[in-house]
Amino acid sequence: MLTHLYFFDNMRVFAQRILFFLSISDFLYSIGLLLYVEPAFSDYNKFRCTIQGVITQFGTISAFLWSTSIAYLLYISIIKGQQRIAKLERYQKTIFIFGSAIPLLMSIPPLIFDSYAPIPQKVPVTCSISSNDENKSLDQNRNLSLYLNLLLFYIPLIFAVVISVYFILRSYFKIKKIKSQYELLTKQINIQLIFARTLIFYPFGLCICWLPSLILFLIFTFNNDWFQQIQINYFIYGTGIYQYIRVVQYGLSFLQGFFNSLVYLVNSYLMRKKLKTLDKVQIDRINIKNMMSNNFEDSIRSSQLSNDFENLQDI
């Protein structure tokens, strides 16, 4: 996806640059997942664990941010018009700087609290926000992990999904309204309609990939006794519902970058296909118009010849 965007798409277009930054976010998240950490709560490589935690935290928050930006860009281009897009393009550098600085700032607090640690039974074992301080009690570690995850991950995730869905649905229904009012659509309206239909899969992908993690976080918060019990059963018997929950949770979250790339490829394919169809329709309309014009001119010539012949007969 990065290669296609950089070499084959027009990187001068503002929307394409945002997609490029989204791809970089997914790439960094994938690199972070590849940094294997020993499956132990002690005697693990703390430096490598911290690096992995920072990279994955930065990558996920950055992906949330750019996915929301795509939805907002679509919204203002349809509802507000291209002039508003032109105004935003003047501040591209500022937008991209803030878009990189915000995820970086949200990766720092766990460093301050020394709260990047291995998460139990991840496959592969990875480090993320989790307090594992031996000098703190179990409840203190749990509460710190809870608050950090809530503020630095789950609240941004919820906001990203809700805001993205809001902007994209408003854009989609606006285009549908325009389509119902005009029988012959312009090329631009057709393209915007396809773009709106496919872009909705970016926040939808966030929902699918991170919904299990959000549900588990809520269970961990409000029904911790049950959660601890299935953990204990797993540690004792080596199997159970906890194992399958973890496989689904982390399996889907690891697919975020793949899902975004898939949406991008499908979007590109549909856009090219629709453009070819629209070009063909436009050519057919031009041919029909030319044919009707030629027939009209032939009819005029025939009428003139007929009149001339009648005049000759009168003479």
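Each position is counted from 1, following the chain as shown.
Cβ atoms here come from the backbone N, Cα and C positions, even for glycine.
Note that the structure is predicted; figures quoted are calculated from it, not measured.
Listed in TrEMBL:
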- 1-264: domain 'G-protein coupled receptors family 1 profile' (DOMAIN)
- 1-268: domain 'G-protein coupled receptors family 2 profile 2' (DOMAIN)
- 18-37: transmembrane segment (TRANSMEM)
- 57-75: transmembrane segment (TRANSMEM)
- 95-113: transmembrane segment (TRANSMEM)
- 146-169: transmembrane segment (TRANSMEM)
- 199-221: transmembrane segment (TRANSMEM)
- 241-266: transmembrane segment (TRANSMEM)
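For the transmembrane segment (199-221), the list of distant contacts is 22, 63-64, 67-68, 70-71, 74, 146, 149-150, 154, 157-158, 160-161, 164-165, 168-169, 172, 227, 245, 248-249, 252-253, 255-256, 259-260, 263, 266-267: same-chain residues at least six beyond its ends, Cβ to Cβ under 8 Å.
Confidence for the domain 'G-protein coupled receptors family 2 profile 2' (1-268), expressed as mean pLDDT, is 78.
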